[in-house]
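**Student:** Sharing the record's features from TrEMBL:
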TRANSMEM  7-29  transmembrane segment
DISULFID  183-251  disulfide bond
DISULFID  212-273  disulfide bond
DISULFID  253-262  disulfide bond
TRANSMEM  380-406  transmembrane segment
SITE      403  site 'Critical for TLR4-TLR6 dimerization and signaling'
CROSSLNK  409  ubiquitin cross-link
CROSSLNK  412  ubiquitin cross-link
């Protein structure tokens, strides 16, 4: 009888040990299987999940515009007064609904090239007015090329998953020819996705043709997006700092007068990128800009919640599942004897023309599919691992204690 009981206790302990060991083994094996699957599915080639969503995004993306309506144009032109602006908007367009074109795989260097056509559909229900609304913006306008963006050539990840979606060339070049030194380099991806297995400590680099430069984002917080754990990365104020504050930005300062000997910050002169037009880019309402930039403008109210840029990245796949890209277009206005309305001006202005908010969030159906195919399976595997390990350890300890207790009584 005692032998049967002891044998049963030993058997229970052995079973517990086996479960614990199996749970422990399943952890690295499961991680290896997950990595193998992810590495296969994020490659940009026909037949993968990543390629299908990369060719044509299933997420509805909207670009909202707020126009800065000048309230006192005559006063400014006659007396060089502060410009009083009032934003009007949003005027909303659906964008990025067209599939990539001219997709060409190059097996020699494991890249894929493409052209991203631009299209915009006005959304009256999401706008405050019509496209026919009139505004006063000092009779100046900014021209945009809305035909197509590219050609881009990016790594498809077949030879190294750590390079997937990273831009190799843009318009056939690895540099932009707008800036000096490393500022002119095209770095990172286009921000639609990043190489998988993103770490919080990473600095995510990406290129934006809208601002004619590469920029970066840093981790801010964990976010739950429709049941999917994501990492929120934000553009830090350091990215817009002056060379005095951040020496790495020295090559983005291209002139000494408007920038006050490169001490002003928060605005970027992109005139070389805009055929010589005096265009300056900033965050909306001059967020993170030095006080001297906005001292000639009344009516601005910058705040991080509405005006900063962020990316919500699913860390295992590297997919951007939600984002908000915000930027402001400004024009440099200076006294000029050649232009009648500018003859009386006595100072320079960086005049905000409009700011835009381009947003996209994974849809409910896509989120459900993502949870079932990716995060759900990973969570289930993790749960099984923990259950096996926990139950195994508890069984082993409980049965061993019982066995030792029985042995002690038998000896007595």
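We count from 1, first residue shown onward.
Note that Cβ sites are derived from N, Cα and C of the backbone, with glycine treated the same way.
Where the annotation comes from TrEMBL, it is an automatic prediction and has not been curated.
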**Student:** Ranked by the number of other Cβ atoms within 10 Å of their own Cβ, which of the disulfide-bonded residues 212, 251, 262 ranks first?
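**Tutor:** Compared across 212, 251, 262, the most Cβ atoms within 10 Å surround 212.
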**Student:** Minimum Cβ neighbour count within 10 Å among the disulfide-bonded residues 183, 253: which residue?
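**Tutor:** Candidates: the disulfide-bonded residues 183, 253. Fewest Cβ atoms within 10 Å: 183.
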**Student:** Rounded to an integer, what is the Cα-Cα distance in Å between residue 273 (disulfide bond) and residue 253 (disulfide bond)?
**Tutor:** 14
**Student:** Please report how many Å separate the Cα atom of residue 183 (disulfide bond) from that of residue 212 (disulfide bond), as a whole number.
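**Tutor:** That separation, Cα to Cα, works out to 10 Å.
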**Student:** Whole-number Å only: compute the distance from the Cα of residue 212 (disulfide bond) to the Cα of residue 253 (disulfide bond).
**Tutor:** 14
**Student:** Taking only the Cα atoms, work out how far residue 262 (disulfide bond) lies from residue 251 (disulfide bond), in Å, as a whole number.
**Tutor:** 10
